[in-house]
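One structure below.
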Amino acid sequence: MEKLTGTLVLAVFTAVLGSLQYGYSLGVINAPQKVILGHYARSLGFHNLSTSLPKQPESSSMLTMYWALSVAMFPVGGILSSFLVGFVADFRGRIKGMLVLNILAMVASLLMSLAKMGSPHIMVISGRALMGFYCGLSSGLVPMYIGEIAPVKYRGALGTLHQLAIVTGILISQVLGLDSLLGNDNMWHVLLGLSGVFAVLQSFLLPMCPESPRYLYIKLGKKEEACKSLKRFKGKYDTSRDIAEMQAEKEEAMKEAQVSMWMLVRSQVYRQQLFVALMMHLSQQFSGINAIFYYSTDIFQTAGVAQPVYATIGVGVVNTVFTLVSVVLVDRAGRRTLMLVGLAGMCLCAVGMTVGLVYQNTYSWMNYLSMTAIFLFVCFFEIGPGPIPWFIVAELFSQSPRPAAIALAGCCNWTSNFIIGMFFPYVEVICGTYVFIIFVVLLFGFTLYTCFRVPETKGKTFEEIAMLFQHGRVVVASQHGVEAELEQLQGTTEA
């Protein structure tokens, strides 16, 4: 029986509140930059400074350093905590793990909301680092929990809600960050501290949500509690089929020791799945989406848009709408199909962006080509490469290696995010208007890899997905000849 019950909807909604907080924290720092720098300057003793950067080289470089830390400590916190996803998920379970994590989020929000009362640069940087640490764990736990409780029929759609919540959080932060709302000199600390609201709400709702039945049965061996959890998620039905599937997965897991991240990296058994998982996350971060947002305001301004900030918010709206489109399509068209369409479309849009930037001073209409390319690029990103990498990792691995795999994929994602944020401005200076050619090449490579190496997981159980990779290994092994197979059989009782 596969239907959406009230308990399932509540559990998924509660879980993605962590994703909403991640998106809000990701986008909230951009809008009030000049206002925050003004408070940094006054706190550091630059009394003659306004909200802009100072003219003195020493003070200017110091403010630049503090601002860089305010931005960069968020992904640094995420990188560090992503290694702990497996430990937190298995130590006390998915629900209690998310509940404890909210303490970090609340402390981080409190630090930032009180920044005007102390040293704002220290309190904001500390709050951002702590919030990044929370988001690194949350971005692993949320897709893991949703992937384990979602019925096979709706697993893709429900998994996509993680990305939908992220982009919704970014959009909320963009709107609230307007100068007329909270992005001003009086309210910027409230803007930064508001992320704690999501943590408080989630803390009230999590105790109402059942624990993952897969965790209860496979990890803890509690069959009765797992059956109760299944019935809460799916209604009254015969749980024997689901229990049998989990039993088969448990038996497979018992044949092998608990898989750590180091063991997962070294294991040949999971190498294909791990490579696919990491490439999916690399294709998300190195697609150029962050560069698009970096360029968008300048392009809109050049095109004559009176208020480019509202056009950038328009990009955020498109971002959210097409994530909703992905929610509808992912269990119909399939993960692999949407990834291919998304990556190929982004590749063509990157070509359009390059042409538009190169010829923007020659032909005035080229600015509109660039603007169109921006909106289409975002559309294609949210159809596939945006949401799918987050939840497909949970689909590719069985219960035993799943926490370690999600931790490694999360670390890959956060590290890539940090690299793009740190080095893209320097690459942009070197390459100038031709910078998007780099993303054209990368996107073309990611498209080819997805076409030839990524299997379709739509409508398949975890065991069936594992069999896809086992079948792939058998095919590869057979290519080495019958002699190699006979040589392997000599060591078995059947031989």
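Glycine residues also receive a Cβ, built from the backbone N, Cα and C atoms like all the rest.
Going by TrEMBL, these are the annotated features:
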- 11-458: domain 'Major facilitator superfamily (MFS) profile' (DOMAIN)
- 65-87: transmembrane segment (TRANSMEM)
- 99-119: transmembrane segment (TRANSMEM)
- 125-146: transmembrane segment (TRANSMEM)
- 158-176: transmembrane segment (TRANSMEM)
- 188-209: transmembrane segment (TRANSMEM)
- 274-297: transmembrane segment (TRANSMEM)
- 309-330: transmembrane segment (TRANSMEM)
- 337-359: transmembrane segment (TRANSMEM)
- 365-383: transmembrane segment (TRANSMEM)
- 404-427: transmembrane segment (TRANSMEM)
- 433-452: transmembrane segment (TRANSMEM)
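Here the transmembrane segment (337-359) lies next to the transmembrane segment (274-297) in space: the count of CB pairs under 8 Å, restricted to residues six or more apart, reaches at least 3. At the 8 Å Cβ threshold, with sequence separation of at least 6, the transmembrane segment (365-383) lacks contact with the transmembrane segment (188-209), having fewer than 3 such pairs.
Residues 18, 21, 39, 43, 88, 92, 126-128, 130-131, 133-134, 137-138, 141, 189-190, 192-196, 198-200, 202-203, 206-207 of the same chain sit 6 or more residues outside the transmembrane segment (99-119) yet have a Cβ under 8 Å from a Cβ within it. Below 8 A, the CB atoms of the transmembrane segment (125-146) and the transmembrane segment (404-427) form 3+ pairs separated by six or more positions in the chain. Away from its own ends, the transmembrane segment (188-209) comes close to residues 7, 10-11, 13-15, 17-18, 20-21, 24-25, 28-29, 31-32, 35-36, 39, 95, 98-99, 102, 105-106, 108-110, 112-116, 120, 124, 127, 131, 169, 173, 176-177, 182 of its chain (Cβ-Cβ under 8 Å, at least six residues beyond either end).
Under 8 Å from some Cβ of the transmembrane segment (158-176) lie the Cβ atoms of residues 12, 16-17, 19-28, 30-31, 139, 142-143, 146-147, 150, 182-183, 191, 194, 198, 312-313, 316-317, 319-320, 323-324, 326-327, 330, 382, 386-388, 390-392, 394-395, all in the same chain and six or more residues away from its ends. Ranked by Cβ pairs under 8 Å to the transmembrane segment (274-297), the stretches 65-87, 309-330, 404-427, 433-452 are led by 404-427.
Most Cβ pairs within less than 8 Å of the transmembrane segment (404-427), among stretches 65-87, 309-330, 433-452, belong to 65-87. Computed over the domain 'Major facilitator superfamily (MFS) profile' (11-458), the whole-number mean pLDDT of the model equals 85.
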